[in-house]
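Since the structure comes first, as structure tokens, the remarks are kept for the end.
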Amino acid sequence: MTTEYNFIKACWGQPVDRTPVWLMRQAGRYLPQYMAVRKKCTFLELCKTPELAAEVTIQPIDYLGADAAILFSDILTPVEPMGMKLDFVPGPVFENPVRTQADVDALRIPVMEEDVPYVLETIKILRREFEGRVPLIGFGGAPFTLACYMVEGKGSKDFAQIKRMMYGAPELYASLMEKITEMDRQYLNAQIAAGAQAIQIFDTWGGIVSPLDYEKYVLPYTTKLIDGLNRDGIPIIHFVKGAGTMLKSVRKAGSDVVGLDWHVNLGKARDMLGPEIAVQGNLDPTVLYAPKAHIEREVKRILDENAGRPGHIFNLGHGILPTVDPEHAKFMVECVHRLSQK
Ligand code: 1CP
């Protein structure tokens, strides 16, 4: 695989002249440029207007100098046309959560070109815009994280509803997960066909189950999803938040890159995962609240833990927080580039 982009090279474990870096949720509320666009419309309108979605995708590339762009959308965008009434306040809320077999049966698999044309159009605009500059990452939620929102109806602290279904109605749970996995497969393949150059799968809630339950209730569906992607030449990044103790299970899903939150030491994680797989992430997002000298020390510490091994993409261990000073985010990107330059 030949590519000029450090980000793509690092995904494949190839050597780079400096460590590539981007930030999860790099387009968003911490950027005044984003808020200026966001003032004019709702979040869903922003996702559904390709010119605006493209504009806010580009903002962090121009401002931060990140090495990869991520499509501006949400993991729940393709769930709405499955037949679920979605609102953002600003977190997602479904008016009609999935609780019964009839609810699962009523969910439809969207026809991507007809139901989410704005996502595919945004990708096409961005590819033209970024050609030769940065690669574009497409993304989706892992089936389990999507199911959490669909069953709970919103974010949750204890995830009581999804766990009731998982343990108490395993057949219902399995039928829901199968349907979501098939939707996700078609959605991510449509993004690849439209021009996405890498795919990130966000399993934000995959770490809320025990390691044994992860293998039983979460991993089989993510594995099936990744297996069904048209991934020739397209690196797949798999990020499971809170999975530090079960990275060997996460690796079994078969991605090219494994995402790391900040509850795990990057060096130890790499030892556990082995040299064949690349890693991404690891900086505690709250470190961006610290003085610059502290940010620089933390960047250096993570680069030192990686110890020059190929296949490292620098990132936060989860999304950037909305109250972070954008200048600190930009400084973090500069530190990664300066301290890793060969
Ligand atoms: O009013 C606003 O501006 C809405 C805030 C917002 C934004 C900017 C939401 C609502 N989503 C997004 C964009 C978004 N969501 C991106 C954009 C691209 C980028 O990274 O720059 C991405 C990749 C996501 C993915 C996403 N949405 C995840 C997975 C990653 C993560 O942060 O864990 C999850 C869990 C969501 C659900 C969601 N959407 C929005 C919010 C506030 C949330 C989280 C709610 C919760 O904590 O339960």
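The backbone N, Cα and C atoms fix where each Cβ goes, glycine too.
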Ask   = Considering the substrate binding residues ARG25, GLN26, ALA27, GLY28, ARG29, ASP74, TYR149, THR204 given in TrEMBL, which of HIS318, HIS328, HIS337 is annotated for that site as well?
value = HIS318
Message = So if I draw a 10 Å sphere around the Cβ of HIS318 (substrate binding site), how many other Cβ atoms end up inside it?
response = 21
Remark   = For the domain 'Uroporphyrinogen decarboxylase (URO-D)' (137-153), the DSSP residue counts stand at 10 helix, 5 strand, 2 coil
Ask   = Near the Cβ of ASP74 (site 'Transition state stabilizer'), how many other Cβ atoms are there if near means within 10 Å?
value = 17
Query = In sequence order, which residues at least six apart in the same chain have a CB under 8 Å from the CB of ARG29 (substrate binding site)?
reply = MET35, ARG38, PRO322
Note = ALA27 (substrate binding site) and ASP74 (site 'Transition state stabilizer'), compared by Cα position, are separated in whole Å by 11
